[in-house]
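Under the heading transmembrane segment, TrEMBL lists 39-58, 86-107, 127-147, 154-174, 189-213, 220-241, 247-267, 288-310, 340-360, 381-401.
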Amino acid sequence: METGTSVSNNSRSSRNDSYEAIKNGSWFHQFRNGCNPWMARYVYGLIFLIANLLAWAARDYGRRALRKVTIFKNCKGGENCLGTEGVLRVSLGCFLFYFVMFLSTLGTSKTHSSRDRWHSGWWFAKLILWPALTIIPFLLPSSIINLYGEIAHFGAGVFLLIQLISVISFIQWLNECYQSQKDTEKCRVYVMILSTSSYTVCIVGVILMYVWYAPDSSCLLNIFFITWTLFLIQLMTSIALHPKVNAGYLTPALMGLYVVFVCWCAIRSEPVGESCNRKAAASSRTDWLTIISFVVALLAMVIATFSTGIDSQCFQFKKTESDQEGEGEEEDGVPYGYGFFHFVFATGAMYFAMLLIGWNTHHPMKKWTIDVGWTSTWVRVVNEWVAVGVYIWMLVSPLILKSRRQTTSGT
């Protein structure tokens, strides 16, 4: 009996050692060793990128081909509808693939298990499954595709919320690292430099937005967006520096950078031709700068989805010390949450569809444009406000919960 146990432990130890070697190896070494979760996440990211490119091609260059498909004869809106539906059909196929992977890998906790091998391998089967699920939506009637387009609004919102929580959690983690007792004195200077630089960039960004997007007093909406962003930065800083919160300068400074960036993206999404958006009018021509901006935006969206997908730790409830000790003993645990990873990519499929159609299934998009339209603008603005609300709640929630516990214990 002891011999069998020792053999099992030795085999498990050898497998863990091989996984550690793959994990700590180079990017090429991870691919060369085939079936492993570190290589798999890059492959899934590549599949997602290809799906994005297919959706863009269907929107900008697939209208002639789609017009020949008999199922599109009843599509209302002509060629523009075909372009929009092409994006939604590719998005639906991508969503189905990652949702199937989500259902089949949800709850995977051990490496070398059957579900771990399905996530990290079986690529021949997936090379059949993914194209099949991409083709199926092109055989569905327009009514189902339009229904998916309405559902995709909600799914894209879920993706934005997940991404937002991931960003805020990263900012708080960075602040905790700087405030750790062993590094407090050494990092104090770096914290001040980073905080000061962030606030400086925020101020410069706000000034430039006033110059570019609010050239006169008639641009009331843009003036409101920019001024409100400046007020939100001051509000976050005031709450973070309150003696009872004492969160420091770093987190509100980094959050300020984030909300200024989101505000800039929101105003940039305003339709071309608006008198208060001179930059949009300048970018209405399809030149090399427009193409580069589109490619960068597409790659940034794919990278954001990938980085959010592997960041499942910030969505776990706080564990007790005994739970953490128990986890430390499990050397064969999965390196990241497989189910969460695929769920993020599934909602990301809905998100890239919304970006390519401007969050409006009846809104035609010009070539080499992404996330343009008044709907896109208001989605960005609301995302900015929600980001500030979530951040402030993370600051004050410990105080509220503490006061409630004291009130409960006192009664």
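Counting starts with 1 at the first residue shown.
Every residue, even glycine, has its Cβ placed from backbone N, Cα and C.
Owing to the predicted nature of the structure, the values given are computational and were not obtained by experimental measurement.
As a quick check, the transmembrane segment (154-174) and the transmembrane segment (340-360) clear the bar of 3 or more Cβ pairs under 8 A, pairs 6 or more apart, so the two touch. Spatially, the transmembrane segment (340-360) is adjacent to the transmembrane segment (39-58); three or more Cβ-Cβ distances between them are under 8 Å for residues at least 6 apart in sequence. Through the fold, the transmembrane segment (247-267) approaches residues 167-168, 171-172, 174-175, 178-179, 191-192, 194-196, 198-199, 201-202, 205-206, 209, 213, 222, 225-226, 229, 232-233, 236-237, 239-241, 277, 371, 376-378, 380-381, 383-384, 387-388, 391, 395 of its own chain, all at least 6 residues removed from its boundaries and within a Cβ separation under 8 Å.
For the transmembrane segment (220-241), the list of distant contacts is 202, 206, 209-210, 213-214, 247-249, 251-253, 255-256, 259-260, 263, 266-267, 270, 276-277, 381, 384-385, 388, 391-392, 395-396: same-chain residues at least six beyond its ends, Cβ to Cβ under 8 Å.
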